[in-house]
Amino acid sequence: MKHLVTTALAYTNGPLHLGHARSTYIPADIYTRYLRLKGEEVVHVGGTDNHGVPITLTAEREGVKPIDIVDRYHNAIKADLDSLNVSFDTFGRTHSDIHIETAQEFYSKLKENGYIYEKEIEQFYCEKCDMYLADRYVEGICPFCEGEARGDHCEVCGRHLEPTELVNPYCIHCNSKPEIKRTTHYFFKLSAMQDVLKEYIENSPEMPEHVKNMALRWIEELHDWDVSRNIKWGVPIPGCDDQVMYVWIEAPIGYVSFTKQLGGIWEDYWLENTGDSKISHFIGKDITVHHAVFWPGILKGIGGYKMPNAVVSGGYLTLENKKMSTSKNWVVWVKDFIENFSSDYLRYFFMINAPLNRDTDFSWDDFQKRINTELIDIIGNFTHRTLVFTERKFGSTPIVDSNQLIDEDKKLISKCESTLNRVDSLIREYNFKDALMEIILLAKEGNAYFQGMAPWAIKDDERLKEVMYTCSVALKYIIYLLSSFMPEKTALLLEYMNEELDLEVRGNPLKKPKVIFTKVSDEDISRMKENLLAATKKAETKTDEKSKKVKSGEKMDIIDIDYFGNVDLRVGQILEVEEVPRSKKLYKIIADLGDEKRQIVSGLKGAYEAEELVGKKVIIICNLKPAKLCGVESQGMLLAAEDDSIVSLLALDRDLPVGSKIH
């Protein structure tokens, strides 16, 4: 049987943290490595998700293009995965020709099969910016906890929100209150799939039970799915000029488009009637429904595609028993971890700490304890003492007649064989914790055997060879089974044994072994704790210093004169005015500030004709961070007063030269 293993597409709006590694990438890599170890044909598919509003927001804040953000974090994410020894056969990106073409083919086929239809919806619209606002472009007050919230989520209480639920909503670009307008979106008729999806889930024997239960609950109340968005950055909807495909309809198609990068063999893994293959999706718990309901619904709607056999859903990770938060820097980034510890230690800790489907915690103290008292004191102890003693006594692994082994020897070798079978079953069931526990138990048996045989006291050379041969057999089994979990450390063990990654003991000359498993020191842990607290305090300081946004109709907080002095207000003169393409409200203005000229985008269209603005002296905020409105960069802001529909530029009552400072 062929295997296709996929990992959730990493979102290119930041690097990877430990939560990503635990839920998705490490377990998928362990599973893939194990299948390869057993000689099975497997393709591991990964990549990055490059579209959606968070990326456009980051780009606007930094004054760059979305593709610049995508390129930066695609490369950073791949570097993080490489540092974790997570390897792929193909690693793609959704902002690529092959993906856009494949996604549009899927969409067109869904439409052709009658699963796409148009429907009017209500959506926030900003008059000043002349644009419909996606959920992340609206912020306001959470109606449940009264905390600051985004249009899709409240960070304070954790609730999912609709933008229209917000109290005092405002556009994040201009702070004005948006209005609700009707617009046409495209919907996927997912409700028509209810019976088909229920049958699929109920008849998927390899689907984990917790995933089945979650999917079946959703299927009971299945609704059609809005699959279009009024933004520019994304996969264009075929035949539509002003909307793109919602990321959750196009991103999973990346599993197909990225496999296509391997050439014609992609059909063997994805298309029906092309042979026996198994598809396993490794994801985080928060996107279980997307992969167990929405994605299979798309595949059923297309027709002719194989269905996922298993959606392997990893639980949430907390940090020191608190929810991780990237905005508060309460997070451990993969890069920071790898700069201080072996990636194998992280792979071990995450897989032994809890079953994959359960939520778990990362604590620096627990990490130190499990590495030092479990991995090193049990596995490290057996591997090191076996290698050191054998190399010192014989220089190579002894080979003996297995018929001469005594019962105690045969018992340990039998334990090796039963562990091999048990681990095989557990890994194929995605039960990585119990599989790793079996390896630890085998190492415990090895330590007990070594201690019981007391090879240092054996005078008979032949008997000593039998004992160390038996220990070497157990060591080979441990290395073989542990190699998928800890590829770096097991590669070093094989190097010292001068052996291949298999179960055969060849009697090769040994290299003088060094300590492979080094303990995590108290100083290491103290340093990491201090770094975490320092990063959190830095984030808190930034939050405190950040000026509060003023919403329409609200009074401003009282500020002191020093705070006001941070605003660079100057007299400017408008030189040129032209309309912003496809905008009903915006002008692109070139203003003279005396020592330089600035381009400013302002929502004065409708309030002033372009000709009457030319030559006017105005007041300009000059030290605002550049922002893009309708794709045009604005390098400042004109001051104006507004009352309902009346807009008036602030003017001087005496003539002053351009560039004059306002105090």
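One-based numbering along the chain as shown.
Yeah, the Cβs are placed from backbone N, Cα and C, and that goes for glycine too.
The structure displayed is predicted, hence computed values, not measured ones.
Shown in sequence order, Cys142, Phe144, Cys145, Gly147, Leu161 are the residues of the chain, 6+ apart in sequence, with a C-beta less than 8 angstroms from the C-beta of Cys154 (Zn(2+) binding site). Per Swiss-Prot, the feature Zn(2+) binding site maps to Cys142, Cys145, Cys154, Cys157; the stated evidence is sequence analysis.
Summarising the annotation, Swiss-Prot assigns ATP binding site to Thr326. In three-state terms derived from DSSP, Thr326 (ATP binding site) belongs to neither a helical nor a strand segment and is classed as coil.
Among the features that Swiss-Prot reports, domain 'tRNA-binding' is placed at 563-663. Taking the domain 'tRNA-binding' (563-663) as a whole, pLDDT averages 83 in the prediction.
In the motif ''HIGH' region' (10-20), the DSSP tally of helix, strand and coil residues is 3 helix, 3 strand, 5 coil. Residues or ranges marked as motif ''HIGH' region' in Swiss-Prot: 10-20.
Non-local neighbours of the motif ''KMSKS' region' (323-327) in the same chain are 14, 17-19, 155, 317, 539; each lies 6+ residues outside the stretch with a CB under 8 Å from one of its CB atoms. The motif ''KMSKS' region' annotation in Swiss-Prot covers 323-327.
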Including all protein chains displayed, how many Cβ atoms other than that of Cys157 (Zn(2+) binding site) lie within 10 Å of its Cβ?
13
Cα-Cα separation of Thr326 (ATP binding site) and Cys157 (Zn(2+) binding site), in Å?
16
Per 10 Å Cβ neighbour count, which of the binding-site residues Cys142, Cys145 ranks highest?
Cys142
